[in-house]
Amino acid sequence: MPAFPTLDLDGKLGKMDRVVLGWTAVFWLTAMVEGLQVTVPDKKKVAMLFQPTVLRCHFSTSSHQPAVVQWKFKSYCQDRMGESLGMSSPRAQALSKRNLEWDPYLDCLDSRRTVRVVASKQGSTVTLGDFYRGREITIVHDADLQIGKLMWGDSGLYYCIITTPDDLEGKNEDSVELLVLGRTGLLADLLPSFAVEIMPEWVFVGLVILGIFLFFVLVGICWCQCCPHSCCCYVRCPCCPDSCCCPQALYEAGKAAKAGYPPSVSGVPGPYSIPSVPLGGAPSSGMLMDKPHPPPLAPSDSTGGSHSVRKGYRIQADKERDSMKVLYYVEKELAQFDPARRMRGRYNNTISELSSLHDDDSNFRQSYHQMRNKQFPMSGDLESNPDYWSGVMGGNSGTNRGPALEYNKEDRESFRHSQQRSKSEMLSRKNFATGVPAVSMDELAAFADSYGQRSRRANGNSHEARAGSRFERSESRAHGAFYQDGSLDEYYGRGRSREPPGDGERGWTYSPAPARRRPPEDAPLPRLVSRTPGTAPKYDHSYLSSVLERQARPESSSRGGSLETPSKLGAQLGPRSASYYAWSPPTTYKAGASEGEDEDDAADEDALPPYSELELSRGELSRGPSYRGRDLSFHSNSEKRRKKEPAKKPGDFPTRMSLVV
């Protein structure tokens, strides 16, 4: 009978066990490879404050559905500032020594630290947490966290968590430590977002500040220059070069007008005369403020147009306000002021002392001999002549006189006081009678002749009157004594060397200067003075001449009226006697008179001075043909004596100050 196979059955069972175990291992390895895996390449990252950063995160999964990515923030368990400064606690140091894998700053319960969701992404949608809304934070690529600007509170642990619906195996999270640091040892940038390469930042900032300051200063100056009524500057401004310097006078006047008191700096010129314009300066401030209407302006302001108005400052003031009327008037008057017109009118209206002696300027340039025959105008006629006053006050010459204007006496007096007066007008003058002709050129010529004898007085060759004397009217001496008492010796002893004037019939006598005038009782007495200095008085021929003259009168009547007299014979004596004494005074003669009448007349004439008023008037009444012949012979002798004298120099004539009439 056959046997059972036991050993072959055991061998087949062992082979099957090994195959099952192999397939089990393969399946297990496949499951491990296809599970979810999350990794972070950088476990610790350091970033700068206010700088952007990116936290990297990678994951792998076998699921075909999109994964959900989430970033969480967990703060440190302990402050890292103490570790950096070496101020960690002893307990934390002991725990770290016993467990090397434990970190006291990172490993702790979530209840002991701050946990916040930073951002999450599902598909293409990114959602920020409540604490990070408004910041530049997003999730880029698959799971990278990008932060635009880091803040001081961003330091801590950041966890990357990946969730898939059908892949639940594997490691789905990982963490990275972020440490935010600030710059130390360097100054912070003044302009963080602006880089200046050509200069330091502080220099650039300083230049910007200085430029802004200068800009405001320039704006202030331009505003000041364009508005001179509000302030006063003296710097030229490019905005308004025409208003470079505002006038100080207008500025002070404006301040004074606003304050209500007169200005300290007067901008109104003094009164000046303009032809055909009434005299007077600017009206006072009180008169302007009392009137409701604006002040009057110059006539050229309305008729001259824009060309006649001089360029100047215009004050932006209200014309209706009383406080600004004075300032407005002063400003307008200064703009219209013309110095050339003022000087022209001033010299046209002023009549000088010499030019007023003639009617027009052409006569003043005539020769000396032509002017001698021209008589001065009547002083009384000028006072009442309207043509004269119309020419003077109207500024017209004598040749172009218009119709005479009627000026009263008060207007004439005010005109005289307003005109400038020369020094010669200030001196004392003689009061002449009204209606009598003034001194003509003949008297001035005789006065000039007597004035020119100063140089010959010291040599003893002059027999003219003393220098510095002047002519006086015979009317002014009418109240004096006529020397009716006393003998001829006493009279001719006191009166010496007196030459009669060339025009004796005009009623003028020759008197010494006021500085050398004698007392009133002796002033009319002419004296015969020796011309030789340092010598005793010579023999007086006066008495002998008078005796010979008396004897010659009957002889002249018997001869038929001879004109030769002892006085003329005395004048024809030699130059020696003429150098000591002047010729004797002339007397009047009557041709064909009897001896009795001559003796009576001689007795009366001897009792009177030869230069008295009565003697001259008596001579004029009794003047006949014989007297005219004697006068002509006397003038011929005078002309001969003048020809013998040396010619005078032009400088011998008196100056203008000495010709005070």
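Using N, Cα and C of the backbone, Cβ positions are placed for all residues, glycine too.
Database features (Swiss-Prot):
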| type | residues | note |
| --- | --- | --- |
| DISULFID | Cys57-Cys160 | disulfide bond |
| REGION | 288-310 | region 'Disordered' |
| REGION | 410-429 | region 'Disordered' |
| REGION | 453-661 | region 'Disordered' |
| TOPO_DOM | 223-661 | topological domain 'Cytoplasmic' |
| TRANSMEM | 202-222 | transmembrane segment |
How many neighbouring Cβ atoms, not counting its own, are there within 10 Å of the Cβ of Cys160 (disulfide bond)?
25
For Cys160 (disulfide bond), which of the three DSSP-derived states applies: helix, strand, or coil?
strand
In chain order, residues whose C-beta lies under 8 angstroms from the C-beta of Cys57 (disulfide bond), counting only those at least six residues away in the same chain, are Val38, Thr39, Val40, Val69, Trp71, Asp142, Ala143, Asp144, Leu145, Cys160, Asp174, Val176
